[in-house]
Structure formats: C-alpha cells, structure tokens
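**Student:** First the structure, which I've put down as structure tokens, then a few questions once you've had a look.
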Amino acid sequence: MSDPPHELTGTQPPPAKSRPRSSLSSAAEVATTSGRDRIKKSRPPPPPPPPPPPRREARVPLRLLLQVTVVASGVQFGWALQLSLLTPYVQELGIPHSFASFVWLCGPLSGLFVQPLVGVMSDRCSSKLGRRRPFIISGAAVIAVSVLLIGYAADIGGILGDPADAAVRPRAIAIFVVGFWLLDVGNNTIQGPCRALLADLTGKDHRRTRVANAYYSLFMALGSVLGYAAGSFSGWFKILPFTLTSACNTNCANLKSVFLVDVILLVLSTYISISSVKEVPLSRASSSPDEETPAQEAFFWDLLGVFRYITLPIWIILIVTCLNWIGWFPFTLFDTDWMGREIYRGDPNVGQNYHTGVRMGAFGLMLNAIVLGFTSVMLEKLCRKLGSGLVWGISSIILSFCLGAMLIITAVLKNMDISSTGLPPTGIVVAALIVFTVLGAPLAITYSLPYALISARIESLGLGQGLAMGVLNLAIVIPQIIVSLGSGPWDQLFGGGNSPAFAVGAASAFFGGLAAIVAIPRTQPAKPKDRR
C-alpha cells in the first residue's frame, strides 16, 4: 500500500548546511584585510576643502544715510538764526556789547555736561524706539519750545511789566536767556545722538563714516543757507502781521516770524529722519548694571575719568579741535555784529545802519553756507587724495588768514572817510563778503572731519559712539567757555571792538593747523593694544 501525499504547511524546510571553510582560506582573508588597512594608513590624508570666501557685510545704502541726516537741516536752520540774529537782538533788549558774550556762555556750559551725559545715556538706552531716536525726538521738542520763548520774549516781558520803550527790559532779557539756554540744551541733546546714529549705521566702514558725516555737513549747509537767507529778509512781519505788537517792533517781529518757520521745518525734518531707520532696541541683559565697562564707570563716577582710556592719536584730535574752535568761536559770536558795528558803524539802538549791516552779514553767511555745501560734497575725495590731517590743517590755516583779513579790513576802514549816507564803501563791503564766503570751506571740514576721525579711532576702546561724541564735544565747548568769558572784557580793554578776539582766534587756528598737518597721520592708525 502506497504512502499518502505530503501536505504543504507554512513552515519552510530547514536550510542546507554550509560547507565548512578551511583554515587556509580564513588565514588568507585575514592577511588580505590587514594589507588593505596598511595601505590605507600609508596614504596621506586628503587636503581639507578650501574655506568658503568671507561673507561681506552689506554696506548701508547711501539713500538711508541721506534720509537720516535730513534732521541736520532743521537743526541748523535754527542755529543759523541764532548765530546771525541773537547777538544783535540781545543788545536791542538792553544788554551791552561787552556782556553779550556772557549770554553765549549758556551754550558751552550746557554742552559741557549735557552732551557727554546724553551720549552715555543713549549708549545704554533700552527704549523700544532704539538707543538714539528717543534723544533726537526729545532734543527737537526742547528746541521748538526754546525758539518760541526767544521769539516771544519781548511780548512775555511786556505782559510781566516791561515798558515797551525802555532801554533795558529785564523781564524780556530773563525770558530770552531761559530760551537761549534751552536752545543750546536742545542742540546738544540732538547733535550727539545724530552723529552716534550715523556711526552705528556705518560700523567699521571708515569710508562710509566719512561719507555719512559729509552728508550731515551737506544738510547743515542747506539749513544754514535757508536760515541765513531768512535772517537777511526784513519783510517777515508783513507776511505774518500778527507778530507785530506794541511790545515787539519790526526787528522783533521778523525774528519771531522766522522762528515760527523754524519750528515747522524742524518738525518735518525730524520726522523724516526718525521714520527712515528702525533701530534694534538694546536688550536689558546687554546693559546690565553689574557689567563693568569704561563707559559705565564714566557714567556713574566721573565723566572726565574716561580720558584715562584715550590713546595718543585721539588726544591729538582733541587738541587740534580745541585750538580750531578758539579760532571759530569769536567769528561765531560776532560775525554779523562785526558787520553792523565795525563795517557799517552802527549802533543797535540808534538808527538803521547797524541792522542793515546785520542783514548784510546774514547774506554773507548765506554765501558761506553755499560754499560749505559744495565743500562737503568734495570732502571725501580730498581726504582720499591728500589725507585727513593735511586737509584739516590747511582748513585751519585758511581760517587763520581769514580772521587776519578781517583785522586788516577793520584797520583800513578806520582810516577812510565815510560818505554822507553813513554807509561804508562798496569795496569794503565786498571784501567782507568775500571773507565770509571763503570761510565756508574750512567750516565744512570743521563740521565733518573731526567727527569722522574720532569715530574711526574710538571703536576699539569699548566706549560707545555716544560717549565718543560727548568727549569730542568737550574739546569744542571748553574753548567756547574760554572765549565767552574772555572775549567781552578783552575786547573792551582794547576799545570795545571785536578785533582783539579775532587776533587771538587767528593765532590759535594757525597753530592748530600746523599740529594737524604734523601729528595726524594720513593712513588709518593701528588698533590700540588691549588695556589688560
């Protein structure tokens, strides 16, 4: 009987057993493997792949720099009015010429403390608006309030009891001085953060830093042109007739009107600048008070203590700036007063010759601002071709020669006969206007180059750009304090004119120019060594 068929199940049959390997084949395989390992070890490792090219940081667009620097035009419009009209106006209120410079002492004193303090505070500000923009907005608001106080000083003084026809109006003078003080506080509050914001945007790109400061000077020139042109126009009270009151004559009404225009221009330019850039807020963790830095030490203990961290190249820049401003500030104080008092031989409270001279001086300053604008555009090329030190030094020597020329014009006019109209010869007026115009070139360099130089050299010290602008400001305001305290009594000692202050300024500017040419190198300096 046959067996039954096999049934398929899910299990597989067991695999066939492999043939056992001989010991000889195993030994051959081991030998082959070890040989391959020896070959791999004997080969040199492949060269590492080349590193990727460094990624270049995007340069800040020039259009953005232009928008950010627009605010300089609004600030400078008011500054131009301050320079051209306020020294004559304060004498109309009753302050004598020998004491007019003491009124200007407010500005340097506020700059001595306000701008370094604002610089440090802006370095550490953690506002949602950023570090610099809150101070720009605050400074613009203070400027707007101050110019309204100055413009309405005579009206407020009249309300408080000043007679309209009095030779000295003490209440109006008090309001004027408060407004003047606030104007300088506002200017010092806004200028440092504006410059620091430009340095923040350009970073370590020194060429872009110079371009940014040149743009800033360009808009300063534009504001100056508009401001001096407005100051030289004598018909503002007809355009805004409500400014003419019983306490405020035509000269006062013109001043009031242009300051109202200044408020409008300042608001518009500030809005354009602060809306064009979005600052990244500083985190509170990065500004912890437990973290010691030189800037914080200066902030909490002594702002002047920061000078121990300053290197020799920065000291040279500060010294040249100081000598340069001893030359500039007498001109800043008495430019239009010199034109009205010594060229037109007028008196602020007698006749119209003085005011005619003041308006002619404002016209000269407008020409000065036009040259300033053109020089600002060419400044970058000049510095690349000649070097920053040589350009700065030549500009200071030009300032010295121009101040000397003003002394010569004054001396020549004293020996000339004046016509029956009381007006000076046309040639003298033209010569004075030429001096005012030529001074626009060195003024453009003064407004730009020191800030670019200090920004390029301060970054490795860990002090912050805000504090850097404050330190440079000290080199500007200290000579201004010296000139404000000494120029009035010094001029009075030699007869009451402006010539003695101009002579001191000419000598100081000349030596400052020599120092810049000799001591400031053409190439960028090496980074200073670590202080540790």
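Each Cβ is built from the backbone N, Cα and C atoms, and glycine gets one as well.
Predicted automatically and left uncurated, TrEMBL annotations should be read as such.
Pulled the feature table from TrEMBL, pasting it below:
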COMPBIAS  21-34  compositional bias 'Polar residues'
COMPBIAS  44-53  compositional bias 'Pro residues'
REGION    1-57  region 'Disordered'
TRANSMEM  64-82  transmembrane segment
TRANSMEM  102-122  transmembrane segment
TRANSMEM  134-154  transmembrane segment
TRANSMEM  166-183  transmembrane segment
TRANSMEM  214-237  transmembrane segment
TRANSMEM  257-274  transmembrane segment
TRANSMEM  309-331  transmembrane segment
TRANSMEM  360-379  transmembrane segment
TRANSMEM  391-413  transmembrane segment
TRANSMEM  425-449  transmembrane segment
TRANSMEM  461-482  transmembrane segment
TRANSMEM  502-521  transmembrane segment
**Student:** With the transmembrane segment (309-331) as the reference, which stretch in 64-82, 102-122, 257-274, 360-379, 425-449 has the largest tally of C-beta pairs below 8 Å?
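**Tutor:** The listed stretch sharing the most Cβ pairs with the transmembrane segment (309-331) is 425-449.
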**Student:** Taking the transmembrane segment (425-449) as the first stretch and the transmembrane segment (214-237) as the second, find out whether 3 or more Cβ pairs fall under 8 Å, excluding pairs closer than 6 in sequence.
**Tutor:** yes
**Student:** Counting Cβ pairs under 8 Å to the transmembrane segment (166-183), which of 64-82, 214-237, 360-379 comes out on top?
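**Tutor:** Most contacts with the transmembrane segment (166-183): 64-82.
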**Student:** Looking at the stretches 64-82, 360-379, 391-413, which one shares the most CB pairs under 8 Å with the transmembrane segment (257-274)?
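**Tutor:** Checked against 64-82, 360-379, 391-413; highest Cβ contact count belongs to 64-82.
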**Student:** With contact taken as 3 or more Cβ pairs under 8 angstroms (pairs 6 or more apart in sequence), are the transmembrane segment (134-154) and the transmembrane segment (360-379) in contact?
**Tutor:** no
**Student:** So which of 102-122, 214-237, 360-379, 502-521 has the most C-beta pairs under 8 Å when paired with the transmembrane segment (64-82)?
**Tutor:** 214-237
**Student:** Mind pulling out the one from 102-122, 214-237, 502-521 with the most Cβ pairs under 8 angstroms to the transmembrane segment (360-379)?
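**Tutor:** The stretch with the most close Cβ contacts to the transmembrane segment (360-379) is 214-237.
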